[in-house]
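What follows is a single structure, written as structure tokens, with notes after it.
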Amino acid sequence: MQFESSSAGKAIAGLRIVGYGILVLCVFDLVDLLYPFQVFNSDWEFNTVGNLVERVGFPLVGFGLIFLGEETSRHKVERFALKPLSWALLIYAIAYLLLVPLTVSSGWRIYNQNNAKLVNQLAQQRDRTKAAQEQLGKLSDEQVKALVQRSAIGSVENFNVPQFRKQQLEGVEAQAQQVEAQLKATVAQQTQNLVKKGTKWALGAAVAGVAFLYLWSLSSWAREKKIKARPLAMSR
């Protein structure tokens with residue numbers, strides 16, 4: 001019936017408007033994500049890829065709604081926008097496929113930076129430990145007794161200096177080993193999270209790129225011929 005055809009056409013037109021609105025919001029979001037542009041900043045690149053992949057559903061839905069129904073019930077102004085929008089799908093596809101090597105590259109650089117930071121922190125910790133041990137070793141028995149007497153309550157007449165010195169050296173070494181273990185555990189956890197997120201985002205970018213490419217293929221009608229306004233078929 002004509003009434004049913006008209007209602008379906010209005011519904012499709014409404015969904016297309018929603019699609020255009022989603023795309024406009026996606027543009028605002030994209031500008032917010034990319035500004036300020038920090039190329040060669042590994043952390044920024046990695047996290048930006050993650051944000052783009054996590055939000056890819058919005059442009060996919062937006063484009064899908066816009067091309068819904070092909071030529072059916074298109075306004076004249078809208079018909080001029082369909083061809084560039086179809087090519088925009090290809091741009092999106094290429095961009096998301098390029099995010100895959102970018103994810104691997106930025107993730108690898110972050111991994112190397114974390115390892116370099118760990119090596120530097122371990123070296124500093126060992127230097128501090130060595131300095132503390134050397135300083136304690138240079139103190140005479142009388143100096144050790146004087147230090148203990150100022151900090152302890154009670155007599156130090158029967159105080160065993162060699163035993164105290166040994167305990168302090170062992171304590172410094174144990175504390176240094178504990179700090180090193182904590183640093184290594186922190187870097188190991190960072191590496192695990194890096195691999196987890198990198199794998200998820202790289203696979204997500206690849207899937208998104210293929211999805212955009214598929215939508216671009218489906219919208220070939222918008223690129224290959226002049227679109228003519230066509231109402232929905234009449235129901236018998």
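Cβ coordinates come from backbone N, Cα and C, glycine included.
According to TrEMBL, the transmembrane segment annotation covers 12-37 (among others).
TrEMBL lists 49-68 (among others) with the feature transmembrane segment. Remote same-chain residues near the transmembrane segment (49-68) are listed as 12, 15-16, 18-23, 25-26, 29, 33, 82, 85-86, 88-89, 92, 96, 99, 102-103, 106, 197, 200-201, 204-205, 208, 211-212, 215, 218-219, 222 (criterion: CB distance under 8 Å, separation of at least six residues from the stretch ends).
TrEMBL lists 89-111 (among others) with the feature transmembrane segment. Only residues 6 or more beyond the boundaries of the transmembrane segment (89-111), in the same chain, are considered here, and those with a CB under 8 A from a CB of the stretch are 42-43, 45-46, 49, 52-53, 56, 59, 63, 191, 194-195, 197-198, 201-202, 205-206, 208-210, 212-213, 215-216, 219.
For the coiled coil (115-142), the residues of the chain that approach it from at least six positions outside its boundaries are 161, 165, 168-169, 172-173, 175-176, 179-180, 183-184, 187, judged by C-beta separation under 8 angstroms. Annotation source TrEMBL lists coiled coil at 115-142.
The transmembrane segment annotation in TrEMBL covers 201-222 (among others).
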Taken over the coiled coil (115-142), the model's mean pLDDT: 88
Beyond the flanks of the transmembrane segment (201-222) by at least 6 residues, Cβ under 8 Å: 49-50, 52-54, 56, 60, 63-64, 67, 70-71, 82-83, 85-87, 89-90, 92-97, 99-100, 103-104
Positions whose Cβ lies under 8 angstroms from the transmembrane segment (12-37), at least six residues beyond its ends: 48, 51-52, 55, 58-59, 61-66, 68-69, 72-73, 78
